[in-house]
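S.K.: Right, I'll just put the structure down here and ask away after.
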């Protein structure tokens with residue numbers, strides 16, 4: 001990867017680009033993943049490359065859902081494996097969630113490489129190599145594990161496709177997404193939509209999970225029952241508008 005100076009004002013964003021590009025070279029990330037990363041980065045600009053209040057609100061609710069779940073699962077694709085495998089493993093360890101590889105552009109080689117990447121980051125078990133169940137979808141994201149996504153009650157699906165998100169919700173699952181675009185079908189379909197950068201979101205969630213594990217079950221239930229996803233998305237859009245107004249005022253446009 002290119003050596004990026006730590007004092008560069010956009011160090012984290014440039015590092016993310018390099019990680020996804022490296023993922024493509026390693027065979028972990030698909031070429032299409034580069035496009036998805038660029039699209040996400042453009043929305044990150046719009047929120048000021050920070051975790052907004054609406055994002056933090058959704059992240060806390062998401063952690064509560066994971067901690068209360070009977071069979072929580074974190075779904076991992078190529079971009080997630082390239083960007084934050086260590087953070088996935090940390091969050092899974094704290095919440096007791098299983099990890100499952102699920103890909104749109106699926107090959108046995110890619111699945112193997114992603115599993116090895118996650119295990120190198122500390123994962124003891126990763127599902128997805130030998131899927132034995134299927135969702136009602138016409139592409140390879142339908143292939144899932146009966147121990148994982150298929151029977152999960154709560155699924156964290158970072159950087160998700162809208163159609164699979166919709167199908168998982170139809171199956172009665174609590175679906176948590178991380179998507180920087182509050183207007184996407186994924187964001188509008190999910191149960192809990194986190195409008196934040198993947199790396200920031202997973203880091204925040206691990207921190208919250210460590211703290212919230214000590215809370216009473218009633219407090220976690222309250223977080224879930226009072227959570228309003230429409231409010232989250234509305235506030236995320238308002239935060240974009242406010243950031244743009246601030247930038248316009250600062251530049252004199």
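Yeah, the Cβs are placed from backbone N, Cα and C, and that goes for glycine too.
In case it helps, Swiss-Prot gives these features for our protein:
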type: BINDING; residues: 17, 39, 179, 180, 181, 185, 186, 197, 198; note: ATP binding site
S.K.: Within a 10 Å radius around the Cβ, which one of these binding-site residues has the most neighbouring Cβ atoms: 181, 186?
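M.R.: It comes out as 186.
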S.K.: If you draw a 10 Å sphere around the Cβ of residue 179 (ATP binding site), how many other Cβ atoms fall inside it, taking every protein chain shown into account?
M.R.: 26
S.K.: For the binding-site residues 17, 198, which one has the sparsest Cβ surroundings, going by other Cβ atoms within 10 Å?
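M.R.: Looking at the binding-site residues 17, 198, the Cβ with the fewest others within 10 Å is that of 17.
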S.K.: According to DSSP, folded down to helix, strand and coil, what is residue 198 (ATP binding site)?
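M.R.: The three-state answer is helix.
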S.K.: Under DSSP, is residue 186 (ATP binding site) part of a helix or a strand, or is it coil?
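M.R.: Helix, per DSSP.
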S.K.: Which secondary structure state does DSSP assign to residue 181 (ATP binding site), in the simple three-class scheme?
M.R.: coil
S.K.: By the DSSP assignment reduced to helix, strand and coil, which category contains residue 17 (ATP binding site)?
M.R.: helix
S.K.: Express in Å, rounded to the nearest integer, the largest CA to CA distance found among the ATP-binding residues 17, 39, 179, 180, 181, 185, 186, 197, 198 named in the record.
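M.R.: Taking every pair of listed residues, the largest Cα separation comes to 24 Å.
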